[in-house]
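Data first, discussion second: the structure below is written as C-alpha cells.
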Amino acid sequence: MADLPELTVQGWGPSGDRVATVAAREGATAPDDGVLELAPDSGDGLPRAARALLARELGWTPRPTPPVPVRDIRLAPSRLPADARARFVALLGEDAVLDDRHARLGHAGGKSYLDLLRRRGGDASDAPDAVLLPDGTEQVAALLRTCGELGVVVVPFGGGTSVVGGLAGTDADDRPVVAVDLRRMAGVRGLDVPSALVTVGPGMRGPALEEALAADGLTLGHLPQSWEFATLGGYAATRSAGQSSTGVGRFDDLVAGLTLATPSGVLELGNPPASAAGPDLLGLALGSEGTLGVITELRLRVRPRPRSSQYEGWSFRSWAAGLAALQRLARHDLLPDVVRLSDPDETRVSLRQSGGLGARVLRGTLRARRRGAGCLLVVGWEGLPTIVRARRSAASSVLRDGGAVRLGSRVGRSWVRHRFAAPYLRDRLLDNGLLVETLETAATWSALPGVYDAVRRALRGALTGPGRRPLVMTHVSHGYPTGASLYLTVLADRDDDLPIQQWLTAKRAATDALLAAGGTLTHHHGVGADHRPWLAQEIGPLGVDVLRSVKQRLDPQGICNPGVLLPD
Ligand SMILES: Cc1cc2nc3c(=O)[nH]c(=O)nc-3n(C[C@H](O)[C@H](O)[C@H](O)COP(=O)(O)OP(=O)(O)OC[C@H]3O[C@@H](n4cnc5c(N)ncnc54)[C@H](O)[C@@H]3O)c2cc1C
C-alpha cells in the first residue's frame, strides 16, 4: 500500500534510502541537551569516534565493502506454474498476484546478518516465486485450501524483519513458494473501550496502531527496535518483546484472542477476560511462526496512554552489583517498565563513541567517582504521575542500597532519542568490512551469570584470530521475578573469503554454550530456520512430536512455512 514504506532490500530503512524515519524524527524534535550524541562522520558514513575505537578494539582494518547494486542481484525465474497463477488470480484478483522482480526481491528472507550478507552479495535464492496479497480471513482460508491442492508452499509475510531465518521459504520437497503478504489486512476493526480491547488486522504496524489509539487516549505500548516496519501478526507469530515489556508484558501477554486460518479450517482462539475451558489453544498459535496457518485477526489488550514517562540513567561499579540490584527490584515487584543494564563492554563503547559536551561531562563525573565506565543502567517508568513517583522513589532506594549512583534524566532522554537508530548504523558498519550481529537468550537469576560467561567465551573463542578479536557487548533487556533476558551485540573483522561460515561457526558455538549453561534458545527472536536444529534440546523429542501432530492435523500437506520451527 502506498502509505506503508517498504524496507530496503539490502539493509534497514525505507526502500532506496538510508535515513532513519522515526529515529530522525525523534532526533529532530528532541531538545538539544548534548548528551551521548554520535560523534561526527569520518567521511565513510561511520561516526569518527566509533571508527577509531573499533579499529583499535577489533584489530579491524576499515575498508569499503559496498553491496552489489540491487539491479545485479541474481533472481531465478519464478517456478509458479501458469495454472496455479491463474487459480490465484481467480481467487484474489490480478492486482493481488505479483511475480515481478521488485515484488519477489522485496520478499526475499528477513534481516539477519546472514540475510543481509546474501542480499549484499547479490544472492536472492530465498526469494518466493510469487507474492500474494489477500484482503480477509475468507480469502486467506480459500488460498490455503488452494495451495494445499496445488502443492504450493505458503510463507506468511508481515514486515519481513525476522532475524532467525523465519522467511527462508525452504522446502525439503522443493515445491513452488508464495509469500502471503498481509499488508491489505492492516486496519483497526473494532475498539471496545470499556474492555480495553482493540481488534486489528495482522498486517498493521505499530506506529499506525498507536496513532489510531491515541484518539481515545489509549496505547498498546509494544515497542521493539523493529517497530517502524514489523507487524502485529508478526509479533504474535514470533512472541516478540518490546522495550517496555518488563512493564507492559511481552506481546504474547497482550494478545487476548486471535483468528488462525489453517488449511483445515479457521480457528477462533482466546476468550477474554479469562477461561478455564481446557488447555489454552491460543498458546499454540503464539510463536507458531506461520507453520500452522496465517493469523488473520488479533484482539489486543490496550491501556491508557501514560501521563508521565520518566527515563533516567544509573551507574554501577560492576555487572554483578547491577544484576544483584535488579534481582532485588524484581523480588519486591519494583522493576521499572524499561530496564536496560549494560555490561562493562557495552557501557565503555557507548560512552566512548559518544560526542558532545554532555558526554564529556558524564565521563568526567564517572571518573571523579572512581567508576571508570562501570555498568550503565537505563530505567523508565510510565503511567499515572502519582504511581510513577511512588514506584520510582521506592526503586531508587533499592538501587542506591545496591551501590548505584544516579546519572540523571539526560541519559534517559538520550536513550529514548537513539533507541531506533542501531539498525541504521549496522548498515554503515556492514559497508566497511565488519561482522555485526545480535543474539539473545534468558535465564533464571541463578543461571544468568553462568550463561553470560559461557556465551561470551564461546563467541570470543570462535571469532578470535591472529591480530583480531571480537567485541561482545551485552545488556539485560527485560526483567522478570524469576530471571532476565540477555541481549548480545557482536562486532568483529569480517572474514572476506568465508563470511557466512565465520558467523555460522560462532553462532553454533554460542548456541551450544548458552543452552549448556541453562539459557533458553531464544527469549524473543523466535526459532525460524536458524534455531530449529536446537529446538528438541529445549522442549524435548516428545515436545517436538506434539507440535508435529498438531501441524499434521491443521496442515496435512505440510505447506505452511515448512522450513522453520520444527527440526527436519
Ligand atoms: C533491526 C531489528 C530489530 C529488532 N528488534 C526486535 C525487538 O526489539 N524485539 C523483538 O521481539 N524482535 C525484534 N526483531 C525481530 C523481528 O522484528 C520480530 O521477530 C518481529 O516480531 C517480526 O515481525 P514481522 O512482522 O516483521 O514478521 P516477519 O519477519 O514478516 O515474519 C516473522 C515470522 O512470523 C511469520 N508470520 C508473520 N506474520 C504472520 C501472520 N500474520 N500469521 C502467521 N505467521 C506470520 C512469518 O512466516 C515468519 O516465520 C528485530 C529485527 C530487526 C531486523
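Each residue, glycine too, has its Cβ placed from N, Cα and C.
Annotated active site, proton donor/acceptor per TrEMBL: Tyr487, in sequence order. The number of other Cβ atoms within 10 Å of the Cβ belonging to Tyr487 (active site, proton donor/acceptor), over all protein chains shown, comes to 23. Tyr487 (active site, proton donor/acceptor) falls within a strand when secondary structure is assigned with DSSP.
Taking the Cβ of Gly160 (FAD binding site) as centre and 10 Å as the limit, one finds 24 other Cβ atoms among all the protein chains shown. Per TrEMBL, FAD binding site is recorded for Pro156, Phe157, Gly158, Gly159, Gly160, Thr161, Ser162, Glu289, Gly290, Thr291, Leu292, Gly293, Val294, Ile295.
Neighbour count (other Cβ atoms within 10 Å of the Cβ, all protein chains): 21 for Arg426 (substrate binding site). Feature annotation from TrEMBL assigns substrate binding site to Arg426.
Among the features that TrEMBL reports, domain 'FAD-binding PCMH-type' is placed at 124-305.
A strand conformation is recorded for Arg340 (site 'Important for enzyme activity') in the three-state DSSP classification. The site 'Important for enzyme activity' annotation in TrEMBL covers Arg340.
Listed recorded positions: Ser162, Leu292, Arg340, Arg426, Tyr487. Those with a CB atom under 6 Å from ligand 1: Ser162. In this structure the residues listed as binding FAD are Pro156, Phe157, Gly158, Gly159, Gly160, Thr161, Ser162, Glu289, Gly290, Thr291, Leu292, Gly293, Val294, Ile295; their two most distant Cα atoms lie 20 Å apart.
Scoring each of the binding-site residues (Leu292, Val294) by how many neighbouring Cβ atoms lie within 10 Å, the top position goes to Val294. Regional average pLDDT for the domain 'FAD-binding PCMH-type' (124-305) in the model is 97.
For Ser162 (FAD binding site), applying a Cβ distance below 8 Å and a minimum sequence separation of six or more within one chain yields Gly109, Gly110, Lys111, Ser112, Gly234, Thr238, His525, Gly526, Gly528.
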